[in-house]
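> The active site, nucleophile annotation in Swiss-Prot covers Cys198 and is backed by sequence analysis. Annotation comment: Swiss-Prot describes Arg23, Arg178, Arg179, Arg218, Ser219, Gly220, Asp221, Asn229, His259, Ile260, Tyr261 as dUMP binding site, evidence class sequence analysis. Sequence annotations record features per position, and here Swiss-Prot assigns (6R)-5,10-methylene-5,6,7,8-tetrahydrofolate binding site to Asp221, Ala315 based on sequence analysis.
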Amino acid sequence: MLEDSYLQLARTILEHGTYKDDRTGTGTYSVFGYQMRFDLSQGFPLLTTKKVPFGLIKSELLWFLHGDTNIQYLLQHHNHIWDEWAFKNWVTSADYDGPDMTNFEHRRLDDPDFAPIYQAQMQTFDDQILTDDAFAAKYGNLGDVYGAQWRHWQTRQGKTIDQIANVIEMIKTHPDSRRLIVSAWNPEDVPNMALPPCHTLFQFYVADGKLSCQLYQRSGDVFLGVPFNIASYALLTHLIAKETGLAVGEFVHTLGDAHIYTNHVEQVKTQLTRQPRPAPQLTLSGAHDSIFDYQMSDIKLSGYDPAPAIKAPVAI
């Protein structure tokens, strides 16, 4: 099955992973330098051993491709993946006069009395982002994260580089180039990002009329994050292949620190008891000339019949 390589990664970490402390204070079991390969001609690699919300993957990728760094677009599409990082901008500002949100990242999980207070403040924050453009401009921006680096890389001369447009043009005109690369890791901008890029660099490769993509990911949350990353870059490969007139080849996923958080171990064990199901199929509709013209409704899956979702806390 298409997701076997992902399941083997999870088993490898449980069996051989090294325990490490981490930035979030949660603790992880991790391995270093792991590679998975997915043949995109065999189906779309969205996990079936648990339900993964494809709508969130679509809206986040389109957000990146728009060059957007403000969560307002995500909230308009009911996507809350990045909420906590923007929320922190607000609750640590001089404008915030609500309940104490110090260390909300852990208190929301560990303190049952605090959890509803946090949820109420987060709802207030989301509502204001959606209805107040000035508030959204001030507190909804995450800094120079993926969209900024992909579409508006800042040069020393004060100009910008559109890496996505450039790499698409290079695939069309110089498909054998070894420079079909997009980087999200800009050392100068890392301090100004809500979260430094986890998926840092990707490269395309054209052979036999097929487009393949390899991602280097410095850090991968294997239970929650990596399934999203696999599907997101598979979708990106499909979108660029369609614009460049190519079939899809492989998605190659290379991970630096691949880890399972200690509070995800039982969930991973549950997932590993399940049998993979047939992979869904991706359909891209609409006669779009550019990857930047796609809307949510243009991207559809068929035949997705996953096992039930498995909940787990996000480490912030």
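Quick reminder: no glycine exception, Cβ is built from N, Cα and C everywhere.
Give me the local environment of each listed feature.
DSSP assigns Cys198 (active site, nucleophile) to coil, not to a helix or a strand.
Every protein chain considered, the tally of other Cβ atoms within 10 Å of the Cβ of Arg179 (dUMP binding site) stands at 10. In the three-state DSSP scheme, Arg179 (dUMP binding site) is classed as coil.
Counting only residues at least six positions away in the same chain, the Cβ atoms of Asp22, Thr24, Thr26, Glu105, Asp221, Tyr261, Asn263 sit under 8 Å from the Cβ of Ala315 ((6R)-5,10-methylene-5,6,7,8-tetrahydrofolate binding site).
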> Work through the binding-site residues one by one (Arg23, His259) and point out the residue whose CB has the fewest other CB atoms within 10 angstroms.
Arg23
> Within 10 Å of the Cβ of Ser219 (dUMP binding site), how many other Cβ atoms are there?
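The answer is 20.
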> Any idea what the Cα distance is from Cys198 (active site, nucleophile) over to Arg23 (dUMP binding site), rounded to a whole Å?
13
